[in-house]
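Chemist: Encoded as structure tokens, here's the structure I'll be asking about.
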Amino acid sequence: MLLAIRLKQVYLQPVVFALYGITSLLFAIFEYGSLTPIFMIRYFFYLSGAFMTVVIPFFLLLFALLVMQKTMQHRNGNPFRYAISVVIVGVVLAFTAYTVWMILQHGYLEIIRFMGMYVYIAMYLIATFISYVLLNLILKFWPKKNNYTEIIVLGAKIDDEGVLSETLRERLELAVNNYLANRAQEKPTKIFVTGGSIDPESPTEAEEMAGFLLAQGIPAEDIVCENRALNTDENFYFTKQLLQNPEPVLVVTSSFHLIRTHFFAWQNQVQIEMKGARSSVFSWGYSVVREYLAFFILTKEINFICMISLAIYSILQVSKLY
């Protein structure tokens, strides 16, 4: 029963289906497409096979280290996912070490075998990244009903002096604009600011955000602070307990953060609409890569199964030739 609930929370989600559906389509196009641009992309992958054989193991090691870090942080969490995480880390480390040993100890045939395998994995990684960017854009421009009376602003890092980052200021300014638009239509609206602090002696993200809103002229009675959350999952878990209306709420976050926002809102059974605040080009590029890696780890079981399947398929294909 618990396993079924967990499967529904993590895997049977719209964004998960959409992301890996797009990934499957892109991978099939990369592998079987006959158009000249697709052929050139596929040719590039195989031409750079030796490079992929060197680079991809490092990505897999990074993947294993990130999974290990998350596993140690949530040792007292779901035992099923903890066990799966341990298996993933062990298999990835063993597989990478075996690859290095085989290439160093054996000849040309083994290099070709592993080269093809890592080319497939590289194609999969690029397909998932492109899918992530496309799905994020779809969520950003998805039509909004704009019938909300509650706005949730997700917190972001604040420096030691309590200065809001540009990312957080953009979120708050977008929330203020939507609040004022609602008030102009005489719709009573509340803004929920959510974010805690690791240091108990420092002000929480929510408190600093509330101060910004007050300075913008938002009445104190229309601001609700949630001071405990330390991540996006907790943002929704704790804020859900403060919401007053059953209809969808507007969640304001950054444009690069929409997929994980939707993921955790669904997991916590909060009905939402989303608006993504803008960010600088440099910040957006770095943040998209970081968010992609975070979601890749969040759905690590799916990615692990896909990469292992591709590795086995590639080895079998090469074995038929030699």
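Yeah, the Cβs are placed from backbone N, Cα and C, and that goes for glycine too.
Sharing the features that TrEMBL gives for it:
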TRANSMEM  12-32  transmembrane segment
TRANSMEM  44-68  transmembrane segment
TRANSMEM  80-104  transmembrane segment
TRANSMEM  116-139  transmembrane segment
DOMAIN    151-293  domain 'DUF218'
TRANSMEM  292-316  transmembrane segment
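So where do these features actually land, and what's packed around them?
Modeler: Note on the domain 'DUF218' (151-293): its mean pLDDT in the predicted model is 91.
Long-range neighbours of the transmembrane segment (292-316) within the same chain, counting only residues 6 or more positions beyond its ends whose Cβ lies under 8 Å from a Cβ of the stretch, are 10-11, 16, 19-20, 60, 63, 66-67, 70, 81, 84-85, 88, 91-92, 95, 113, 116-117, 119-121, 124, 128-129, 132, 259-260, 263.
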Chemist: Run through the domain 'DUF218' (151-293) and tell me, per DSSP, how many residues are helix, strand and coil.
Modeler: 68 helix, 27 strand, 48 coil
